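> For reference, TrEMBL lists these features for the protein:
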DOMAIN    A:6-127  domain 'Na+/H+ antiporter MnhB subunit-related protein'
TRANSMEM  A:9-27  transmembrane segment
TRANSMEM  A:39-60  transmembrane segment
TRANSMEM  A:67-89  transmembrane segment
TRANSMEM  A:109-134  transmembrane segment
C-alpha cells in the first residue's frame, strides 16, 4: 500500500482542471488575461505535477520525449510560417491584414494562430528542460 | 506632510532599489553558483517591478477594453515584461544546466574552488 | 506597500541563509508575492505569468538542479565588506536618481502619454481584441515576440545539448536521442 494516497487522488482530481484552465487561458486570451505564454506554462506545470506524483516514467508515457522535443521547433515554425504566408500574399512580414478578406478579422485570427505557436513552443521547451533535468540523475 | 507624500510616491522605486542591490550583493559576494543565479533572478524581478511601477495609473483598471471604463493602466510595460519573464526562466534553466555540468566535471558548485582546480590542472600540464 | 515590505524581508532571508533548499523555497514565496504586487499594479497578464513561471516552473528547475548538485553553501572565504560597500554605494546613487522619476500613479507622466495610450485608443478598431496586451504582444510587437519565442527555443536546445548526453561513457545515448527527435520530425 502506497502511503501517498491523498497526494495521488488530489493530483488525479486536479490535473484535468489545470489542463482545462490552460485551454481557457489560451482560447479566452482575447477577452481576459492570458495567452500563449501563460497557457504553455500551465500545461507544462500540469505535466510536471503528474511526473512528480506518479513518477517520471508514467509522464514519459503520456508525453514522450521525442514529441516534446518536436514541439519546440514546431511552435517557432507556426509563428514564422504565419509571417511568411503574409509575405507571400504581398504584405510585410507578420502583417496579418491579408490573411482573411476583412483586415480586422485577419488581425483577429492572425493573433490567434501566432498565440498557438507561442503555446506549443513554450510548453514544449519547459517540458524538454524539465525532462533533461529529471532524467539526468538516472543511469 | 511633504515628507510622507514623498515617501509614498517613491516607495515602489525604493523597494525596487533594495531588491536590485540585494541581487547585486549576492552576485558580488557569494561564490556559490546556484546562489549567484538566484541573485541574478532577484535583480531581474526588480527590473520587472521598475518597468511596471510607472505604468500604473491611479484609478485605472487593467488594460482590457470595456465601454463602461475610461481609465486604463499603460499596456506597453506589461507586454515587455511578459516576454522578459519567459526569457528569464529560459536563461535560468540554461545557467542551471551549465552548473550541473560543472559539478559533474569538478565536483563542486563553489566558484573559487572550481577556479583553484582549473589553476592546478593548468600548472600540472 | 505591505507586500513590498514583505518582499524586502524575504530578500534579506535569501541573502543570509546558507541552506540552498531553504533559499529556493523562499525564492518561490518571493515570486508569489511579486505576482501579488503585479496584480495590484494592474498587470494581470504579467501576474498570471509570474505566478506560473516564478513560483512554479523555476522552483521545480532549481530543486532539480539542487538534487543533481549540493544543497549546502560553503562558508564565505573573503570578507563581505567590499561587496557591501559596492552595493551600498550603488543604492545611494540609485535613490538619488529616483527624485527625477515621475510620481507614482500619475496619468500625465511621459510614460503614460506616449505610445501606450495610442495602443489603447486604436487596438479595438484595428483588431477587435479587447485585451490590449494580447493585441500589442502578437500584432503590433509581433517581431519582438517572434524573437522572444526563438530565445526560448534556443535555450531549450542548449539545455538539451548540455544535459541529454551521458556521463562520458554514454555518448551514443545522446546521439540516439537526437536521431529519435529527427525521425519524429519527418513523420
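Including glycine, each Cβ sits where the backbone N, Cα and C put it.
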> May I ask which of the stretches A:9-27, A:39-60, A:67-89 has the most CB pairs under 8 A with the transmembrane segment (A:109-134)?
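Comparing A:9-27, A:39-60, A:67-89: A:67-89 has the most Cβ pairs near the transmembrane segment (A:109-134).
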> Cβ under 8 Å to the transmembrane segment (A:67-89), counting only same-chain residues 6 or more beyond its ends: which ones?
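Cβ under 8 Å, 6 or more out: 95-99, 110, 113-114, 116-125, 127-128, 131.
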> By a Cβ-Cβ criterion of under 8 Å, what residues six or more beyond either terminus of the transmembrane segment (A:9-27) are in contact with it?
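Contacts with the transmembrane segment (A:9-27): 33-36, 38-39, 42-43, 45-46, 49-50, 53-54, 115-116, 119.
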> Go ahead and report the DSSP secondary structure tallies for the domain 'Na+/H+ antiporter MnhB subunit-related protein' (A:6-127): helix first, then strand, then coil.
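Per-class counts: 100 helix, 0 strand, 22 coil.
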